[in-house]
Amino acid sequence: MGKRNRNRQNQQNRDQRPEGSRSRDNAGWGAGYSEIIKENKLFEQYYRELNIVPEGEFEEFMEAMREPLPATIRITGYKSHAKEILHTLKEKYFKEIQDLEIDGQKIEAPQALRWYPDDLAWHTNMSRKILRKSPLLEKFHQFLVSETESGNISRQEAVSMIPPLLLKIEPHHKILDMCAAPGRKTKSLSPSLHFIPFLLLSHMHSFLLSHGFVIANDVDNKRCYLLVHQAKRLNSPCIMVVNHDASCIPRLQLEHDGKKEVLFYDRVLCDVPCSGDGTMRKNIDVWKKWTTSNGLQLHGLQLRIAVRGVEQLAVGGRMVYSTCSLNPVEDEAVIASLLEKSEGALELVEAVADLPGLKFMPGITSWKLMTRDGQWYSNWSEVPEARHTQIRPTMFPPTDDEKLQSMKLERCMRILPHHQNTGGFFVAVLVKKAPMPWNRRYPKVMSSREVAPSGAGVGLGVLASCPCPGHRGLTHTSPSPCSRPPPSKKMKLFGFKEDPFVFLTEEDPVFPPIQAFYDLSPGFPKLNVLTRTHEGKKRHLYMVSKELRNVLLNNSERMKVINTGVKVWSRNNDGEQFGCAFRLAQEGIYTLYPYIRARVITVSLEDVKVLLTEENPFLSRLGEDTHAQAKKLEMGSIVLKYRPDPNSPQCPIELCGWRGKTSIRAFVPRNERLHYLRMVGVEVFQDKQGKKAGRTTEAQEGSTELGEARGREEGGTQEPESTDTDQNGSANTWAGPQSPRKPTSMKTETRFI
């Protein structure tokens, strides 16, 4: 059948549908699909029998599972910026919302999560429909969207915030996030955005150049780029995104004092793929797709990932295991098996005191398994041989009561949806007290001089014992397969081929003009600067922390790196006539600024407002002091520094700019520009895209246009707009310095907060 005939047949099929099914006038989200009924008899039968819900609360539990999940936001970013955003939310938006009524109904103001530190997380039941009905709420919505795109606010499910908090991150910690990419739960379910890595990485703001770092891993190559997009908002040189199967993620090495050592992590986040039955409130597909087989199929993978996580954990380190499933096969069964394998090397620790105010149920010590056809099994001995490939012994609780009590599984935490209006979740905290039994040391092979026991071959070495899993009590003659590490395999790479990470030497010719132009301090770490090409001109220069440089240089053959580093300079060919071919990049200004001793202009509050609301203001538009400082500098890239009064709630700001012939321009992305304006008390509201012409609203009257300048300085050469593509594929448009022009008509609503 040809394409034209197929299209005609499809149109006929659509026309033959009942009129009600074709109409979208009354349809909401998911228009064109039949409504999913939020019922699953197998789910109810399974969890009633397991008794994970307190007696008398099961109906309330099921009702909560059918209700939509409230929206939750978390304030991230630098500490000073976080305080300012929290101040704006509390003193402006939340107060205005408290007294707001829509269609005769009073709007419920957002509430702080009691267990989240410093009131930095809030949840609300306001729907998108309500947000569209009031100009005031529309402004609130624009604020949330803009700050989210700038990386200062994260919209995230409440329970997903728990695991990173339980890690107890310190500035010097080396952190591994094993399954970091959002939505990576299971292929059979609709993706759900769990911004756990975003929260994890946001802790790095206070120690950008310290010994701590985060390695965020995921097995899905495409999802790694989504993770890069989120991590990039943090603008940190302490982040690396890698692409590996978490169950066999390679062991890395570091070089210290000329010797190579194995890299063990201080903290490991093990948020494994799961059946996701705790996400039914937002992933309604789970209602019709959920079966007990989902958990049975994932148990083995979850256990392998957890085992690999504790193998890479340093002694004294902390690993948090979590799932968005309520199923004990994916939860307590994995923890119990892990503790049993560890032979005392791991301890399940109490985490109640770490999150005061969080309501949860303790872990259970007894559970059963059920197949999708309703057959129950209480222990391994009841499982018929035909099902041994689907059901494994590690899925059942330990049969030894003494061993079971020593595990203290009640220290696990299960969050139920009806207790505090959240999704379902499970989390356990493990501390490593000693090396894992199979990692303590490789067994020593006896020499040929040692006499073998009677019956053994003459001249063959004998192992007294073999600690390898599965070889307990066995002896091997030399050479033994257990006496040495398994042979290394060549790493298989999948997905896109990444550009190389090339570190510059201290003698690289790119440094002298940069050093002279910006007067970099002697302590600037030139060895931490890298580029992404071996040949040709260097378009961008990136910077990583000292420890991540160590990781990259010593593990290039062991791992596939998707992204690392923060961009600090970008090439501007016309800049050579001003003394330096590289302009500063706003992404890396907080990393680079401490080393810059020249080309810094201190601006006032009014100057910041002018620079951020006008495209390319003349020097005469700025204050006298700023004007005088700018006159002393030649044309080229500059830093614009604002320091507020110590008694004001505002925070310090550093912006990248360009000193032109008669003007100054701030090189700040649109969303960050809006963020900084809010930080100094100016609110800018934009038109909603797609509004009909002539329709006037309060939001429209307060609209703004932050257009890109297209010209060059008077007397300069013309240059077409160029698009710089950074290391993760996102484009940053920059047209170079501009010709001075009159202030643009940026209509803003100015309110001092």
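A Cβ is built for glycine as well, from the same backbone N, Cα and C atoms used for every other residue.
The feature active site, nucleophile is assigned by TrEMBL to CYS324. According to TrEMBL, the feature S-adenosyl-L-methionine binding site maps to ASP218, ASP245, ASP271. Annotation source TrEMBL lists compositional bias 'Basic and acidic residues' at 14-25. If you look up TrEMBL, you'll see 725-747 marked as compositional bias 'Polar residues'. The domain 'SAM-dependent MTase RsmB/NOP-type' annotation in TrEMBL covers 61-433. Here TrEMBL flags 1-29, 688-753 as region 'Disordered'.
Here the C-alpha separation of CYS324 (active site, nucleophile) and ASP218 (S-adenosyl-L-methionine binding site) works out to 17 Å. Cβ packing within 10 Å was compared across the binding-site residues ASP218, ASP245, ASP271, and the lowest neighbour count falls to ASP245.
Comment: S-adenosyl-L-methionine site residues ASP218, ASP245, ASP271; largest CA to CA distance 13 Å, whole number. Per-residue confidence over the domain 'SAM-dependent MTase RsmB/NOP-type' (61-433) averages 87 (mean pLDDT, predicted model).
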